[in-house]
Each structure stands twice: as C-alpha cells, then as structure tokens.
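Novice: Sharing a structure, written as structure tokens. Questions coming.
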Amino acid sequence: MTDRIAAVKTYLLDLQDRICAALEAEDGKARFAEDAWERPAGGGGRTRVIGDGALIEKGGVNFSHVFGDSLPPSASAHRPELAGRGFQALGVSLVIHPENPHVPTSHANVRFFCAEKAGEEPVWWFGGGFDLTPYYASEEDCVHWHRVARDACAPFGADVYPRYKEWCDRYFHLKHRNEPRGIGGLFFDDLNQWDFDTCFAFIRAIGDAYIDAYLPIVQRRKHTPFDERQREFQAYRRGRYVEFNLVFDRGTLFGLQSGGRTESILMSLPPQVRWGYDWKPEPGSEEARLTEYFLTDRDWLAGQP
C-alpha cells in the first residue's frame, strides 16, 4: 500500500494548495496562515486558517496524515473486525464561514483510511463529500450546488449521486432538533466498492468539484447588503452547526479520540454564535422560509437538466 498512500498524499497536498489559492483570490484581502504540526503518536499535518477578510470571517483548510497501532472507537465501532489493526488516515477537511449572511457556509472533506495487520490483506476505504449551509438561501444556488455534485458523480454511475445525496441528507441531520444542518450535497464513507484506482479517481472528482460548486455562489452573493438583524440570525443558525459538529460529526469524534490536534479539529467552529431560548422566526419571514422550504431534504434537481 505504500505507493498508493504516497499517491493519495500527493493529491491531497495539491488539493489543499489549490483550494487555498482559489479562496484567497476570491477574498482579495485575507491570506491563509499555515501551522505545520506533528502528532506525538505518529503523523502530523498542515493546518491553514484564514479570517477577518473581505469575504471570509473564519475558515480553515486542513491536511492531516496520522497513523497508529489501533483505530479509535469512532472508526472501529461500525467495523469491529478492524479492532487491533494499525491504521493510517489521510485527509483534507475544510470549513468556510463567510461574514455576509447571504453567502452560505461550506464544508468539504476527502479522506483515506488504511488498516493493516501482519499476515493479512490491508483493509482500505475512502470517504468524503461536500455540503452547504445557507442562512438566506436561494433556489438558484441550491440547484447549482447539487448540479455540480451530480455531474462529478456521473462518470461513476447514474445511481451514485442519488445514493450519496440521500446519505448526506441522512448524515447531516440534527436528531435532537429533527432538522437538517443545511441543504446537503454529497456524503459517503467506507468506499471500496470499486478497485482502488476507480475509488481514487472518484475522490479526486469530488475534491476537484468543490471550488466549482462554491465559488459561483460566493460571487453571486458576496456583495448583497445585510444588516445587524440578519447577522443575528446567521449567528443563531450557526448554533446548529456547532451542535452537529460537537455531538454527531464522525470526523470530529475520530480526531479527538485518536489524539488528534484539538485546535485543528475544532477549526470548523464559527467565530460568533448565539443561542436564544425557544427562539422562532416571524411567520412568513425570510428566516422562517429557511426551515420551511429549504431545510427539507428536497430533490433540488427534479425537472432540472
């Protein structure tokens, strides 16, 4: 697996570079600061953070490559046969929180796991996806986001996008709120249904599609005027983001349980957030429309070319 792991690592480092360059160019003011780190138990990474920009209030694009003698519980709980195997985990994970409430928060992740044991075949899989969390949503943006996701999946089978779109809707669901985190996109894990080269090609297609999915939305919305009321609603909705990441997110749990770097793991949290007791938007308002129309696990491409 050594050559394969090296190829995945080369791609992920290049992907991090390309995404950071594209986001810096779009912001036009802020620059990513890099923090290279090492994990005492094995491995390390490159954390890149950005903030206080013309567009991005807070964001991060992280690369990590960690390894150890046994998988943490979050990774082996649904695959107990992997308990006791040594592992390597590589990935790029990013979250972008724009200041303007009309520009959605975006998240993307592509990752590779390999679990090995002497005398046995290695077990490997890929995971990843991308999802969008709007505050003042636009149907045009939702359709675009999902169209790019569908087109990235298309060369790998007509059933791939619907299956991973539904998985995304199911995964990014706040059970205690009974509502989605956002308007979804793609999510998949344990991907080894094809040969390695095909799975790796799929991961590259998804990683490369993120900028094509996100930047046109940013460009359409970043100059939309906003007021303090809309910023307050954004902070309220960001609370849902925090709740999901700290309670349900498998990547967060894996990082914390495997002795990962806390600052990098919690990089995904927004800079300002608020909770109000039993707060509800005014009926018929833009804020109410978010949950009533957009956060409903819709088929955004129904009737679309």
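Placement of Cβ uses the backbone N, Cα and C atoms for every residue, glycine included.
As the structure is a computational prediction, the values presented were derived from the model and not from experiment.
Below are the features I grabbed from Swiss-Prot:
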- H107: active site, proton donor (ACT_SITE)
- H97, H107, H146, H176: divalent metal cation binding site (BINDING)
- 241-276: region 'Important for dimerization' (REGION)
- H176: site 'Important for dimerization' (SITE)
Novice: Give the nonlocal contacts of the region 'Important for dimerization' (241-276) in its own chain as ranges (CB under 8 Å, at least six residues past its ends).
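Specialist: Contacts of the region 'Important for dimerization' (241-276) (Cβ under 8 Å, skipping residues fewer than 6 from its ends): 35, 37, 39-41, 45, 47, 49, 51, 57-58, 60, 62, 64, 66, 68, 71-75, 89, 91, 93, 95, 97, 105, 107, 109, 111, 133, 172, 174-177, 181, 189, 232, 235.
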Novice: When DSSP states are folded down to helix, strand and coil, where does H107 (active site, proton donor) land?
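Specialist: Looking at the DSSP assignment, H107 (active site, proton donor) belongs to a strand.
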Novice: So, in DSSP terms, is H146 (divalent metal cation binding site) helix, strand, or coil?
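Specialist: DSSP call for H146 (divalent metal cation binding site): helix.
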Novice: Just to verify: the residue among H97, H107, H146, H176 with the fewest other Cβ atoms within 10 Å, which of the recorded positions is it?
Specialist: H176
Novice: When DSSP states are folded down to helix, strand and coil, where does H176 (divalent metal cation binding site) land?
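Specialist: The three-state answer is coil.
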Novice: Can you tell me the three-state DSSP label for H97 (divalent metal cation binding site)?
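Specialist: It is in a strand.
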Novice: Between H107 (active site, proton donor) and H97 (divalent metal cation binding site), find the distance joining the two CA atoms and give it rounded to the nearest Å.
Specialist: 9
Novice: Tally of helix, strand and coil residues over the region 'Important for dimerization' (241-276) according to DSSP?
Specialist: 22 helix, 0 strand, 14 coil
Novice: Restricting to the region 'Important for dimerization' (241-276), report the mean pLDDT as a whole number.
Specialist: 89
